[in-house]
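These features come from Swiss-Prot:
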DNA_BIND  87-152  DNA-binding region
COMPBIAS  54-68  compositional bias 'Polar residues'
COMPBIAS  440-458  compositional bias 'Low complexity'
DOMAIN    183-417  domain 'NR LBD'
REGION    1-86  region 'Modulating'
REGION    54-76  region 'Disordered'
REGION    153-182  region 'Hinge'
REGION    417-458  region 'Disordered'
MOTIF     408-416  motif '9aaTAD'
ZN_FING   87-107  zinc finger
ZN_FING   123-147  zinc finger
């Protein structure tokens, strides 16, 4: 069939015996790129190109013959997947070139870990073990030697590790920014000293025990209660001494000092006794060395509060808090602007801010690989408040169980813990801790309270 080499779309030519307009002539500039070189140059144009012109029979014949020659090219086949040589180490299927050779994922990871961790392996045979995909895990020494023999590069692993270090650099900079400034260090040391001077560590105490009701829970053991109430009174006095040593505490109004002490005293007492918990023996030790087991603590007056306190003590163990952290957490519990009835809550908040910052920096500096330890410690304050609320209720029920009256300092500091007055339905009483006119701090001190009775049981 004759052809003049024209290039036309298949829509041109005859359709059911009727001529069909050839649209290639309307848009020659659009189709020129699809035509072979010179294919349109030799085509005569017998009529002027017009939107309404009809091609001549000769032109139709030319279009018909040329349209039969256009065959759409088949789609190009997809590229063949890249095929790597088997793993040079174990002959398993390779996943690509790793550290200089074709290797499988298993050998790649083994080599990387071995180099990064400076692993030293031992062969239990003659150092000629066969390494293939079945035996590769049997001898790490020979597998590593095979990696070196086939050309795996230590430097490639180190370079890869350096790239990751650069990517992680911003995180490292954030960690390194927690440096202890002289101001923070001074605050930490003052709080640590205040804590240590008012609360000796467990290792400094000569522990002793008692056989009183050590095996069976009872509602109240009077002898244990007498001892417990005496020790509790001394602990309250030490808590007040601790507060007076905290920077800025005595600059607060007398009313706010008393409000904060009464609201947080039980929090601090519970936190302190829980740091003297011995998990192996399930005992707690008081400041004079008296060591009580769980049953004895219950019978001494803790009652239904006992298991809550011991559970909290167990939760503190993973934190491994030192004296500075315990002191700072106690100070944060005490100096807290959200307590009820404060005259200057904003001033209290400002005093608390450096304590929070000091604890955060100290904890993160001491545990650089445990960034979540600081928020975990702060969450313990919520737990302490929950236990303290139940402890304040326990003081009320104890008044009905003990013979005689409650020791005045325990009743004053613990029964009137925050929120308890609304629970009892009674208005707050005037505090016996109120200092004389002109005093700059609460009048409560060891010298002024040692003469007060510590037990009123018969």
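Cβ atoms are placed via backbone N, Cα and C, with glycine included.
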* **Positions on the same chain near the zinc finger (87-107), where near means CB under 8 A and six or more residues out** => 131-133, 136, 143, 146-147, 150-153, 156-157
* **Average pLDDT across the motif '9aaTAD' (408-416), rounded to a whole number** => 78
* **For the zinc finger (123-147), the number of residues DSSP places in helix, strand and coil** => 8 helix, 0 strand, 17 coil
* Please list, for the DNA-binding region (87-152), how many residues fall into helix, strand and coil according to DSSP. => 23 helix, 6 strand, 37 coil
